[in-house]
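What follows is a single structure, written as structure tokens, with notes after it.
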Amino acid sequence: GWQASTKSGSLSYILPCNRLPVQLVSQVRVYTSNGQKKNLGSEDTNGSNPEETQRKVGTGRQDTSNAGQKQSFLKEPIQVKVKAVLKKREYGPKYTQNNFITGVRAINEFCLKSSDLDQLRKIKRRSPHDDTETFTVYLRSDVEAKSLEVWGSPEALARERKRRKEAEIKYRENLFRNQRLLREYKEFFGNTKPRSSAAAMFFKGPGKVVMVAICINGLNFFFKLLAWVYTGSASMFSEAIHSLADTCNQALLALGISQSARTPDPSHPYGFTNMRYIASLISGVGIFMMGAGLSWYHGIMGLLHPHPIESLLWAYCILAGSLVSEGATLLVAINEIRRSARAKGLSFYQYVVQSRDPSTNVVLLEDAAAVLSVAVAATCMGLTSLTGNPYYDSVGSLGVGTLLGTVSAFLIYTNTEALLGRSIQPEQLQRLTELLESDPVVRAIHDVKATDMGMSKVRFKAEVDFDGRVVTRSYLEKQDIEQLLQEIQQVKTLEELEAFMLKHGENIIDTLGAEVDRLEKDLKQRNPDVRHVDLEIL
């Protein structure tokens, strides 16, 4: 049978016994982190003869075997294992004693001066930025103690924070006045900062295409407007409105290009590259409302209230000049897209559909629509001249409006897709995944997301399962093994063991962080489109 002998302050042992007197000695020792041990209980349990329970088991041979088992069991000593338990440290809901903060945060949040930080302990840590390897941080507890030393009490520090916050709010309210004073200061003393590179963007690439389109479409609008005033043609009116819409939209594209060159700030840490897509989206809406809407309206009014058309000779001449100028702009846009698509390894069609360069795409589609609309307008005006029926001219206006509506719908769709954050191509994502999985420090990767942020900028995110053995070996390869072995041999107490584990555990975590930085750097170097990498430890 099985009988449990349990008393207060002792361990529970389940022993096979059959009316056996058993003496148990049990003890539990709890060790704290300072090496002290506490005896929770030591008790001799003298077990008297348990209550006799008569069982008749059959034959006398079984009774003899039971007696032999009793004697052999009484001769064997009972071994008790003592388990050392490290007392759990309670940190509480908020623990910031070991936190590191930078000098800028120490000055701003604790109202200190740079001279105050010179007296504090400086700690070199691995830098999160690509341009520097290490940077200096301070213990938060040291900074808090220094702030209390400087300000005298937490209440005085709180009052100073409140005063600075009010001053910051007041400064923001007077921001425009401060900017005006800054401009006056620069005009008086001279601007020593280098000129912005935004102006240089309009002399090459998409900026050059947009500026050429603005100049040509502006001239086309002026001459088409004169032709419409002279002839009264509905098709010519549609062409004039079309050129005006193109000029306004391309001016908006130029604004988007200049804004996209702004450097990132705390409010927009990933920059302003999406301003090009926003400008192109608004441009598509503008084409639909101004170009297509007015062309449809004028065509419908021409069908409802037809009127004779004057001589169309000047209109044909202006349309011919417009065809040449729009065609020239179209060729400039085509050449720019071909060059960019070749650099990205894409076909012309893929580059346009994926909206890799929204500004050039808008110019391309607008000029292509302009060339087709000139052909439609000239054909309908010719039919009107031959037949004398003004309905053909009104139908031409409706055709131009439909063409503009189609272009605007395509622009709205492609730019909306880009702004929503679409994934990169599966082949490119596969290359990034294989690059990570081929590294020995990586066991597996999960939840991979690669988002096209626009203008060939990719943000990559993945959950990475790191191989702890490889990371630890990478740390050990940089250590003196003999010295490390001596440290292990010198460990005699729990305090020394804890100090040893904490020291090398922190170093191994730093090594893991260095491995993460190395993987992120490799991804960026081998894939220039990847600008932001977020590797999360699984």
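Cβ from N, Cα, C; glycine included.
The compositional bias 'Polar residues' annotation in TrEMBL covers 35-51 (among others).
The region 'Disordered' feature in TrEMBL is assigned to 35-72.
Here TrEMBL flags 61-72 (among others) as compositional bias 'Polar residues'.
The list of residues near the transmembrane segment (209-230) in space but at least 6 beyond its ends in sequence, with Cβ under 8 angstroms from a Cβ of it, reads 202, 236-237, 239-240, 243-244, 246-247, 250-251, 253-254, 257, 310, 314-315, 318-319, 321-322, 325-326, 328-329, 332-333, 336, 359-360, 363, 366-367, 370. Feature annotation from TrEMBL assigns transmembrane segment to 209-230 (among others).
If you look up TrEMBL, you'll see 210-420 marked as domain 'Cation efflux protein transmembrane'.
Residues or ranges marked as transmembrane segment by TrEMBL: 277-300 (among others).
Taken from TrEMBL, the feature transmembrane segment applies to 312-334 (among others). Beyond the transmembrane segment (312-334), the same-chain residues lying 6 or more positions past its ends with a Cβ under 8 Å from any Cβ of the stretch are 208-209, 212-213, 216-217, 219-220, 223-224, 226-227, 230-231, 233, 236, 239, 243, 360, 363-364, 367-368, 370-371, 374-375, 377-378, 381, 384-385.
Residues or ranges marked as transmembrane segment in TrEMBL: 368-388 (among others).
Positions annotated as transmembrane segment by TrEMBL: 394-413 (among others). Residues 234-235, 237-239, 242, 245, 280-281, 283-288, 291-296, 298-303, 306, 361-362, 365-366, 368-369, 372-373, 376-377, 379-381 of the same chain lie 6 or more positions beyond the ends of the transmembrane segment (394-413) yet place their CB under 8 Å from a CB of it.
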